[in-house]
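Colleague: Encoded as structure tokens, here's the structure I'll be asking about.
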Amino acid sequence: METKDSDDDSSFSGNFLDGSLLSRIEKRQGSQPSVIVIGGGISGIAAARILHNASFKVVVLESRDRIGGRILTDYSFGCPIDMGASWLHGVCNENPLAPLIRRLGLTLYRTSGDNSVLYDHDLESYALFDVNGHQVPQQTVIEVGEVFKKILKETDKVRNEHEKDMSVLQAISIVLDRHPELRQEGIAYEVLQWYICRMEAWFAADADMISLRNWDEEQVLTGGHGLMVQGYLPLLEAMAKDIDIRLNHRVTKVANGYNKVMVTLENGGIVVADAAIVTVPLGVLKANLIKFEPSLPEWKLTAISDLGVGNENKIALLFDEAFWPNVELLGIAAPTSYACGYFLNLHKATGNPVLVYMAAGRFAYDLEKLSDEDTVDFVMTQLKKMFPHARKPVKYIVSRWGTDQNTLGCYSYDLVGNPSDIYDKLREPVGNLFFGGEAVSVEHQGSVHGAYSSGVMAAENCRKHVMERLGSWDRIQLISCREEILESTVPLQISRM
Ligand SMILES: Cc1cc2nc3c(=O)[nH]c(=O)nc-3n(C[C@H](O)[C@H](O)[C@H](O)COP(=O)(O)OP(=O)(O)OC[C@H]3O[C@@H](n4cnc5c(N)ncnc54)[C@H](O)[C@@H]3O)c2cc1C
């Protein structure tokens, strides 16, 4: 791999293996295959790990001053707070991240044993309030939760009757016309809106944007949903060990030649390698923040433009002590799903007096128009509806995933009318370019483990492609990544079974 970096023109050789083995290999094999990984989120780091362990020269180019991308564990409260991903969806051994989580001894706090995409919290762990601060009887919360399940079941029939896709909201309205007995009134209506708000949070998009055909097609792993008590970052750091990661290296151009890829950086530097793996978020690709030469083929551009990117923001509040009930979610039911809201109570899971307000879809974008102070004022107004004597937060953190130029959205989801092969097209290599990232995951888009698997797959495909071209290197497989970093016999540590 050749580099010409404006602030650092060191070569990559020697970074991936040390000692005599490297020189023996180099003598026998000549130059090593090289790969550039664009993006230092979990997908890029997983890809780099595989290639590093297969003795490739690999460099990760990351635009931010940190690794992790949409994994962002903040320590400014004196305890880990995940402002991006925080749940492991699928607390089971089949989860590809489970072996590493076990080996690192990271603890999970299971918020739900349900495998459905909608119930990452058990119904009985909510405390819901109306906009006037009256607590909704738990029986109503549970009953309306059951009604919502029935409505969604009925939308399945609507889907089977209509060839053309429609939004989940449209289908719900058809179901309610057909089954007036499922309609809710008064506070029960508002609780129903709250369930729709929670569904919107899963997709990070409003119900009128979510595809009826695809919304429940995701293969959810078993074992329910668990919060990473120590945060997600330790996982990333373990994977990133010894990988050559260049922070503050924003890629602006990718030239895909006959047998090389040339990547141009914002700082004027150039990096050349045998192949590249692009793992930047779909939002970044949609906004054309990276120029591809030649242009990506039309089918790829169409897939990039057709897949949806949602938005979700978190506002974390640290208090001097917990003054709220010991439940997992504190919610506000309101006449529209847009006006509903909820707080994740981290005190229950971690013991730290922290509430995290979560906003999704259009509402998340609207919140980003406010200053941090105004956002916190708004969130405190919501909290005071439930607890009029709520204290002032000691510290706060506000995320802005929708306008952050390194992300431009939080994760992908199926828009109405998305063709089913859209993910295959997003994943499909173009010449020496391979594509990873959550949006190209085969079965688990929008998740950390999906992003991880997509990086592994991109790296394996890239490795085969480069080796076919370079020939004899395929005999040198020093370490299998899975054996080295992921295998472990320690059980998962789960609290709240
Ligand atoms: C608020 C929020 C909550 C979430 N909650 C969960 C959850 O609870 N559980 C779960 O499983 N998933 C969750 N997710 C989704 C999960 O975080 C992502 O699916 C996953 O982290 C994506 O990893 P990635 O490597 O594909 O992308 P990223 O982590 O975004 O990595 C891509 C990297 O590319 C970098 N980059 C961008 N542009 C350039 C450029 N021009 N040059 C170089 N580098 C560039 C970025 O800085 C970034 O580091 C959540 C996401 C968000 C935002």
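Cβ from N, Cα, C; glycine included.
Any TrEMBL annotation is an automated prediction that lacks curation.
OK, TrEMBL features for this one:
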DOMAIN    42-461  domain 'Amine oxidase'
BINDING   Ser43, Val251  FAD binding site
BINDING   Tyr357  substrate binding site
Colleague: Look at the binding-site residues Ser43, Val251, Tyr357 and tell me which residue has the greatest number of other C-beta atoms within 10 angstroms of its C-beta.
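Modeller: Within the set of binding-site residues, the most crowded position is Ser43.
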Colleague: Taking only the Cα atoms, work out how far the residue listed as 'substrate binding site' lies from Ser43 (FAD binding site), in Å, as a whole number.
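Modeller: Answer for this pair: 27 Å between alpha carbons.
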Colleague: Taking a cut-off of under 6 Å between Cβ and any atom of ligand 1, tell me which of the binding-site residues Ser43, Val251, Tyr357 pass.
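Modeller: Only Ser43, Val251 qualify.
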